[in-house]
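Trainee: Below is one structure. I have some questions about it.
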Amino acid sequence: MEDINFASLAPRHGSRPFMGNWQDIGTSNMSGGAFSWGSLWSGIKNFGSTVKNYGSKAWNSSTGQMLRDKLKEQNFQQKVVDGLASGISGVVDLANQAVQNKINSKLDPRPPVEEPPPAVETVSPEGRGEKRPRPDREETLVTQIDEPPSYEEALKQGLPTTRPIAPMATGVLGQHTPVTLDLPPPADTQQKPVLPGPTAVVVTRPSRASLRRAASGPRSLRPVASGNWQSTLNSIVGLGVQSLKRRRCF
């Protein structure tokens, strides 16, 4: 298999591709340059030496000499030492006080925790000794519900089942007279099925043209494939609206 140069696929700036060798990563060839610790340290030393030079010049000048004499007269150095000593002693005293308070809090006995007394239920004297009055005798309540008579009882008594109408009222039958319903005989509801009559069947004879068309088979709608695929595509989708250009001279 042939070696493929993938650099040809990278974007180019003129004739130079952006994708170069990997050995350039981390060096000064990158955009912005590499970070150098040596240059940073040399810059710091240069700044320190410059400050030292200006300070020594100011200290050795006449103004610096007068300032030193004034500080000696006011005993400035002794005051600074006394202030530092007092500050350190104050911090030590505060630390000693905190430690002593911790020790005293641990040595002192803890005060006993007082438990709250249990709640006492109070009973009012008025409600004490009262009892529910006991009845002398038990009373039983009996309720009677008037229900309609059963079907057998209604037939035995010969009672009408509906409310009688005054103009259509008739005498009530006796107690032992049977009650019957005189119904007309059932009508013959079954009907004979009606059969349809014979219908004439029309026979049509195919024409000769239809027979020839059936013998020749279905026509093919697909165009004949040619050697050029563009002509085949044009025969499928069409060429659109045909336009005719004519030049006329007036």
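Keep in mind that glycine also has a Cβ here, set from the backbone N, Cα and C atoms.
What you are looking at is a predicted structure, and each value in this text was computed from that prediction instead of being measured.
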Trainee: Suppose you had to name the range Swiss-Prot annotates as region 'Interaction with hexon protein'; which of 163-169, 198-204, 233-239 would you pick?
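Mentor: Swiss-Prot lists region 'Interaction with hexon protein' for residues 233-239.
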Trainee: With Swiss-Prot as the source, which of 9-19, 86-96, 207-217, 240-250 is set down as region 'Binds to importin alpha/beta, involved in hexon nuclear import'?
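Mentor: In Swiss-Prot, the region 'Binds to importin alpha/beta, involved in hexon nuclear import' feature sits at 240-250.
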Trainee: How many neighbouring Cβ atoms, not counting its own, are there within 10 Å of the Cβ of T143 (phosphothreonine)?
Mentor: 4
Trainee: Helix, strand or coil at T143 (phosphothreonine), per DSSP?
Mentor: coil
